[in-house]
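Database features, via TrEMBL:
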- H65, H66, D104, H328, E332: divalent metal cation binding site (BINDING)
Amino acid sequence: METVGNIAKYLETFATNDLSEDYDNTGLLIGDPGQEVKNALIAFEITHEVIQEALSFDCQLIITHHPLIFKPLKKINRQIEDQRLVADLIRHGISHIALHTNADNIVHGVNKQLAKKLGLQDFKILKPGKDRLYSVVVFIPEEAFKRVEAAMFEAGAGHIGNYSHCGYSLSGTGSFLPLENAKPAIGEIHRLERVNERRLEVIVPGRKLRQVIAAMLEAHPYEEVAHFVIPLQNIDPESGAGGIGQLPEPMDYEDFAHVVKQALGLEFIRSSKQHPAVVKKVAFCGGSGAFLIPDARKSGADVFITGDVKYHDFFLADSSFGIIDAGHYETEIMIINEFAEFLKKKFNTFAVQISNVKTNPIITL
């Protein structure tokens, strides 16, 4: 049986907490890392109805996109809604993990799922560079090179765009003199050794740096591994805000608006009065993404889709650039299915349930 802590650790391989915005709160927010999990519920956010659903499934864990504890709590008062929910989770022994802006800021996260829903192709991050890239350099004895290289690639090194296993190696001679108390894999104490080695260089995103270094050290035969890590100025294309994609064929704006409504299960959407006649290139951001309107315009997109668009934001549209508000909930809800599938691929020791509760607090009359 898996523990809450192990599940939280694995979910960081989907979207590390390091990718979260500074204002956010992600990871294990409530509960005991050592608690065993028989059943887990995946929901968009926590409400009273979601907690009751979790109890009906005998769940020990609720995993959500929106965190229940967003700002620091100074008290837990049952007369205040969000604080009452915190108290209820604690009372029932239910842990809570959230993947919020970290799941927004990764290439396979919220915006990739929105692109799939909308039938878009050639998905890319709209505003890339949330994570930092590093060059990892390590010196490896010739006979261990393939083993160390494979371990680093397996851990996530050397991925550039549509290519994996990207690296560069150069042969040379390494020297070292083992001192007292050393336990050299090659050579003897107080005798200078010269060994045929290869220098391996690979690109690693910051979110995978620790696991790549750990894999390298585990696979390397030396007691002391000569390596260094260099921070780069290169932009990481696989982390950042929003997304951009292409329709298979150009489409009239009104027809595209209908596609959006149909894909997201909406009766209506809000659109800027000004917009282009035809749509081909689409920019988007699940949730509240109006801050990306300038980036969407700069990208050459014909339309930008997000939620929570304010009145004055719509004035940024014109005859070549439209803005659509398709709802905060509606542009993000599909991520919970991705969380569930991600867990099911790894674990068969606990049941994963997807919530049937529609937590959207907004209705149309």
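Each residue, glycine too, has its Cβ placed from N, Cα and C.
Note: TrEMBL annotation is automatic and uncurated.
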Practice task
Fewest other Cβ atoms within 10 Å: which of the binding-site residues H65, H66, H328 wins that one? Let me know.
Solution key: H66
Completion exercise
Same-chain residues at least 6 positions away from D104 (divalent metal cation binding site) with a Cβ under 8 Å from its Cβ, in sequence order, are V110, N111, A241, C285, G286, G287
Fill in the blank from the handout: Not counting H65, H66, D104, H328, E332, residues with a CB within 8 A of the CB centroid of the divalent metal cation site are F44, H100, A103, V110, G286, G287, Y329, I333, I335
Handout entry: Cβ atoms near E332 (divalent metal cation binding site) (within 10 Å, other residues, all chains)
Key = 26
